[in-house]
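According to TrEMBL, the protein carries these features:
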- T44, S45, V167: FAD binding site (BINDING)
- Y224, R279: D-dopa binding site (BINDING)
- 5-325: domain 'FAD dependent oxidoreductase' (DOMAIN)
- 1-19: signal peptide (SIGNAL)
Amino acid sequence: MAAPRVAVVGAGLIGLSTALRIAEVIPSCCSITLLSEQFSPNTTSDVAAGMLIPHTYPGTPIHVQKQWFKETFTYLFAISNSAEASEAGIHLVSGWQVFKNPLEAEVPFWSDVVLGFRLMSAAELQKFPQHGHGLAFTTLKCECPPYLLWMEKRLKANGVQIHTRKVADLWELHSEYDIVVNCAGIGARQLVGDQQLFPIRGQVLKVHAPWVKNFIRDGDGLTYIYPGTHSVTLGGTREKESWCLSPDPGTTKDIFDRCCSLEPSLQRAQDIRVKVGLRPSRSCVRLQREVLSQGGARLLVVHNYGHGAGGFSVHRGTAKEAAHLVEECIAALEGFSSKAKL
Ligand code: FAD
């Protein structure tokens, strides 16, 4: 059988991390090409805060989500502890998730994956006069664009070809590739007509406030302050089914006021930039094999999209699973080719 040709569509966090995992586990005889309409800094992934705090997917069993998070945390923790950390833009960050009402639920499923998870002390809670309860922990943060650029560099070093191309229909790739991996994010709604995929618009501010060192997340995470290497991300909004990519000035003021009420020192923040992104949302990530066929020809497809509000928190775990599905496709191709010889 000729060496399988694999195309990965999408150069956001999910496409890059999936292509990287495929390049790591699949023999070098297989050729890998990354095709994308947009690259960093023009993807949703570039807008995100990049915090590793899982969002829950209602359609995915919790033990699977935990496994994805654990694999992602372990992978990034090792990078944060290496000489690559600053170039890759991966660092540890400590902080608090604060609540006005007593915590009803049991501890979150990810509590034993992050570091030093505990209830906040009464002394710590004095910082938050409007909140009576809280959790303290240390997690990881990915800086974007550096993390995306670091992955792109590693892909090139692994011989992966990278091309700018908008794919109108996956079938258009069938004469050039044997396997296509669909990591198109919200673009998958049009690319494969997935009506279960919808945008949840998020507007954030990136501000200069280098004195803010700890993250602060209010309750379910609608308001948050996430310090990064060069800026602090202030959020946010969750607007279901909104496709609008233009910043809204009223929302900017509202986010700023909410964050200042949590951390009053932000009133002196400077260089306020506003960003908007569309979270590619679904009840569960679509991680699945599919065979497309037309007139006797076939194209093997692996889908990996729909990470919603939590792509950074689980991307390495889903990339591993998608690469495994690609391995299964290669085995199936070998099966077809040996049957054809009989
Ligand atoms: P994208 O980054 O959108 O990439 C999709 C890629 O596919 C792009 O390169 C695009 O050009 C390409 N593409 C699309 N259609 C086509 C086509 N037809 N042909 C060719 N190429 C195509 N997650 C966390 O875990 N932690 C956070 O702190 C966090 N904060 C967030 C804050 C905001 C404001 C937002 C909006 C999101 C946040 N997220 C966070 C979620 C996270 O950003 C997403 O889950 C993740 O970025 C999705 O990555 P993706 O690669 O699927 O999508």
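Start at 1 and count along the chain as shown; that gives each residue its number.
Cβ coordinates are placed from backbone N, Cα and C, and glycine is handled just like the others.
Positions of the features from TrEMBL, shown on the structure.
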residue	record	DSSP (3 states)
T44	FAD binding site	helix
V167	FAD binding site	coil
Y224	D-dopa binding site	strand
R279	D-dopa binding site	strand
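Long-range Cβ contacts of S45 (FAD binding site) within its own chain (separation 6+, distance under 8 Å): G12, L13, I14, C144, L148, G185, G311, F312. The Cβ neighbour count for T44 (FAD binding site), using a 10 Å radius and every protein chain shown, is 25. Within the set T44, S45, V167 that the record links to FAD, no two Cα atoms are more than 19 Å apart, and one pair reaches that distance. Within its own chain, Y224 (D-dopa binding site) has A49, M51, F215, I216, R217, D218, T233, L234, G235, G236, C259 as residues 6 or more apart in sequence whose C-beta sits under 8 angstroms from its own. Filtering V167, Y224, R279 by Cβ distance to ligand 1 (under 6 A) retains the following binding-site residues: V167, R279.
Note: V167 (FAD binding site) has non-local neighbours V9, L35, E37, L173, A184, L191, i.e. same-chain residues 6+ apart with C-beta under 8 A of its own C-beta. The C-beta environment of R279 (D-dopa binding site), restricted to residues of the same chain at least 6 apart in sequence and closer than 8 Å, consists of T44, I186, P199, I200, R201, G202, R238, H307, G308, A309.
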